[in-house]
Structure formats: structure tokens, C-alpha cells
């Protein structure tokens, strides 16, 4: 395995263990922060005839998540009302969705998105897959804790009752957040063994040994798997993504593809999802909002750079073309600038 690959692997992981604001986030803590003043200004904005959305957007998209929690606390102390409820009544449409998302902690936001993906008839597998495949161990463990707190049931139980077959097994294994952490020692023998096992369990045989794929892809560290997928190419005529498309179908195929893309390059994975949410006619606002809200303090700067590199125009430009009004303003602030 080349040293270059090892360095790239290390670089791709920095800033990844990131519920705390990361160096690659577009939203930073506001320097002259005053929760009381912000709470008062938001209260005035809500009371203004027609609602002063601009002030609400300016404040909440330019504060860190921690600062927003302080504003919500100060607002409740001032008015004896919950800030989220007040804003829910004052705002509507996509802007409301963005602002209410920003008021939740990262784990509360993910937990509520997961719950919504499994509520009612049918499952929104796309959202379930995106969140479960892209979060770190630490993030998943916090999501599990908060999910139980919010909904009085286990995330795993809800996943089990809403999914089936191998797709269920994969989602349950990932949701536990028990993947090995990246170590300083590189085990080349195990890399080779895993690459061969993935090939033997899939492309090489008739039918697929899905449990073998699940165990390797949900238990090994991200850095280890990046090397495994490289090594895999020396055994298989197809790369890992092509092999998945040949071997499995439906939700399971979609989940494995998302997972491998996240492991290979998470910022690029999100750049692709953002592009897909805006290309062609109509916008898949739910996906667009979720990524802009959830990655703004994690790796938005990396996502922007991957987006520009792959699609030739900036993420900022695409958002400008695809959205309008104060909703657009909020997303552009979260994007953090043009490239």
C-alpha cells in the first residue's frame, strides 16, 4: 500500500470525529455572542408585522449550534415560551424546516430525521440510509441515546420493525456504531484477507454471501476499508461499487453503495447527494436541507471543494439557481461562501 494512500487516508479522516465544531465547518461560533441580545432581537422579529424573517435568518445561521441552544434558553427565560414553538408559528415552508432544524442539537436533528423516515406508511429508506451510513461511531452512539430520550423506544427496535431481510441486518449492524476506530497500525495481512473475502463472497461465486459483506463493512475501521477497497481491485475485475451493482438489488444495493461511497470519500458523497437534490426539474428540498443543516459545522468546506471540483460550478451557485427568498438566504449562509 503506498505511503501516498496512507497520507490521503489520514487526511480524509481528519475533522471526521466531529460533533464539536470542526475546522472544516462553514458555520463557526460568533465572536461577540450575546444570547440575551439575540433572544430579544428574535422576539422583536417574531412580533413584527409580517415577521422579520431576515433578522431571524441572520442570527440563527450565523451562530454555532451551542450558541443557538443558549439563545433558545435565554428566549424561554424572557418570554416563558419555547423558541421552537414560537418560530414554528411565525414561519412556514422550507424556511421553517431549516430554522427548526438549526435549533436542534446534531443528535436531536438526526434522531428526528430518522423517526420521520420510519413514521407512518412506508419507510423513507433514502434518508435512513444516508444518516446511518454517514455518521461516526460517536455520533451514532449519541443518536441512539437521544432517540430513546425523545421517543421512549430504541432506534434499533424501530429499524427492525420498519425494514426486512439483509437490508435490516445491515442497518442494524451500522446503527450500533461499533465499527473499529482507526488505529496507527496498518494490518496489511488483514487488508489482503478482507479484500479476498469480499471477492470470494460476491463476484467469484454464484449468489452472494451477504453476511460476510456486512460483517467486514460494518466492523472494520474506515481507514482499513479504504485500503481494502483498493486491494479488492487486484482480485476482482470490477471495483467495489460495480461489484455491489452486480451482486445485490433494491434497498440493500442502495445501502451498500451509499456506505462504500461514504467510506471512500465522505465529502464527495455529500457533494453528489447535494447535486442530485438540485439537478433537473424540481428540488429534493428535504435532502438539500438535511445536508446543509447537518454538515454546516462538520465538513461543509470539504463538501464545497469536492462539489466545485466535480461539477465545475460552486455549490453556492447551484443553491442560488435552485432556491429563492429567505429560504435561499438561509442555505447560502450555511454554505458559507462562493468558490
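Please read every residue number as a count from 1 along the shown chain.
In case you wondered, yes, glycine gets a Cβ from its N, Cα and C as well.
Record features (Swiss-Prot):
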- 49: SUMO2 cross-link (CROSSLNK)
- 49: SUMO1 cross-link (CROSSLNK)
- 2: N-acetylserine (MOD_RES)
- 24: phosphotyrosine (MOD_RES)
- 26: phosphoserine (MOD_RES)
- 49: N6-acetyllysine (MOD_RES)
- 152: N6-acetyllysine (MOD_RES)
- 184: phosphoserine (MOD_RES)
- 199: phosphotyrosine (MOD_RES)
- 227: N6-acetyllysine (MOD_RES)
- 2-24: region 'S100A10-binding site' (REGION)
- 33-104: repeat 'Annexin 1' (REPEAT)
- 105-176: repeat 'Annexin 2' (REPEAT)
- 189-261: repeat 'Annexin 3' (REPEAT)
- 265-336: repeat 'Annexin 4' (REPEAT)
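Features as recorded by Swiss-Prot, highlighted on the structure.
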residue: 26; record: phosphoserine; contacts (Cβ under 8 Å, 6+ apart): 296, 297, 300, 301, 304, 334, 335, 336, 337
residue: 49; record: SUMO2 cross-link; contacts (Cβ under 8 Å, 6+ apart): none
residue: 152; record: N6-acetyllysine; contacts (Cβ under 8 Å, 6+ apart): none
residue: 184; record: phosphoserine; contacts (Cβ under 8 Å, 6+ apart): none
residue: 199; record: phosphotyrosine; contacts (Cβ under 8 Å, 6+ apart): 232, 235, 236, 243
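Cα-Cα distance from residue 24 (phosphotyrosine) to residue 227 (N6-acetyllysine): 24 Å (rounded to the nearest whole number). Within the repeat 'Annexin 2' (105-176), the DSSP-based counts of helix, strand and coil residues read 57 helix, 0 strand, 15 coil.
Highest local Cβ density among the modified residues 24, 227 belongs to 227, counted as other Cβ atoms within 10 Å over all protein chains shown. Here the repeat 'Annexin 4' (265-336) has, by DSSP, the following mix of helix, strand and coil residues: 55 helix, 0 strand, 17 coil. Mean pLDDT of the predicted structure over the repeat 'Annexin 1' (33-104): 99.
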